[in-house]
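Summarising the annotation, Swiss-Prot assigns transmembrane segment to 28-48, 65-85, 113-133, 135-155, 200-220, 246-266 and lists sequence analysis as the type of evidence.
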Amino acid sequence: MKKLEYYLKDAFYYVLSDVKKGIVGGLLSSTSGAIGAIFGIILSILLIHNINPNDVVGLDNNILLTSLIVASFGFLIALIIGFILDGYYVRVMKTTVENYDVLPDWDDIAELLKRGFLYWIGNIILSIIFMIVPILFIIFGVFLIFLPLVGIVFIGIGFLLLFVSTIALLIYEGLAEVNYSVKGFSGFFEFKEIFRMINLNYIILLIIVGVIVIVINFVVQLPFILLKIFAISPARYSTFSSSETIVDVISAVISAFVGFYTAVFAKRAIALYYKDRVEELKK
C-alpha cells in the first residue's frame with residue numbers, strides 16, 4: 001500500500017489535469033446549483049406569503065404559483081444535470097482504477113446519465129439497508145411511548161444504532177461506489193469483499209479527505225455568510241429580501257462550482273486506495 005500522502009497529492013494534481021474538462025464540470029454543477037437555489041427561494045417565498053402576506057409585497061398567489069411551476073421544470077433539469085455529474089464521478093473512479101491519470105472525457109452523455117441514475121439508486125438502497133433497523137427501533141419507541149420506560153429505551157437504542165449505522169454507511173459507501181464503477185450495480189452490495197478492504201489507513205484517509213472537503217466548502221461559504229450577517233440582515237425590513245436572494249444564488253453557484261472539484265478530489269483519492277487494496281488482497 002502507498003502512503004496516504006500519495007493519494008492526497010495525486011488526487012489534487014488530478015483535479016487540475018485538464019482545465020477544460022474541469023471547467024465543463026464546474027459550470028454544469030453551477031447551473032444545477034443555481035436552479036436548485038432559485039427553486040428553493042421561490043418555494044420559500046410562496047410559504048412565507050401564505051403565512052404572512054405582508055412579508056412579500058407586490059406578489060399574489062397566481063404569480064408565485066406560476067413561478068413555482070416554471071422553477072419545478074428547472075428543478076427537473078437540475079436533477080438531470082445532477083445525474084450526469086454523478087455519472088461523471090463514476091467514470092472518474094472507473095478510469096482511476098484503470099490507471100488513467102487525467103480527467104475523463106464528457107462524451108456519451110446518455111451513458112453518464114444512466115450510470116449517474118443507478119449511482120443515485122444504489123446509494124438510496126444502501127442508506128435503507130444501513131438505516132432500517134435503527135429507524136424501526138425509533139418508530140417502535142414512539143408507538144410504545146405510553147409505556148414510558150420501554151418507549152424511551154427503544155428510542156434511545158434507536159438513536160444509538162442510528163449513529164453507529166451512519167458511521168458504518170459513510171465508511172462503506174466510498175468503496176462501494178468505486179466497486180460499482182468497476183463491476184456494475186451489483187458492486188454496491190458485495191458486502192464481504194468491501195468490508196475486507198476496510199482498514200485503519202482507509203478510515204484515516206476518509207477522515208482527512210472529509211476534513212479537506214468541509215474546510216474548502218466552509219471557506220467558500222464564509223464570505224457570503226458574513227455578508228448576510230453584517231451587511232444584509234441589519235438592513236432588512238421584511239422576511240423576504242431581494243439582496244439576500246441574490247447573495248444566496250451567487251453563493252449556490254460558486255459553492256457548486258467548487259463542489260465539483262472537491263467531489264472529483266474525493267472520488268479520485270478513494271479510488272486510488274481501492275485499486276491498491278484490491279491488488280494487495282490478491283497477493
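Each residue, glycine too, has its Cβ placed from N, Cα and C.
Same-chain residues lying 6 or more positions outside the transmembrane segment (200-220) and placing a CB less than 8 Å from one of its CB atoms are 1, 4, 7-8, 11, 170-171, 174-175, 254-255, 258-259, 262, 265-266, 269-270, 273, 277. Listed as Cβ neighbours of the transmembrane segment (113-133) (distance under 8 Å, sequence separation of 6 or more from its ends, same chain) are residues 80, 82-91, 161-162, 165-166, 168-169, 172-173, 176-177, 180-181, 185, 188-189.
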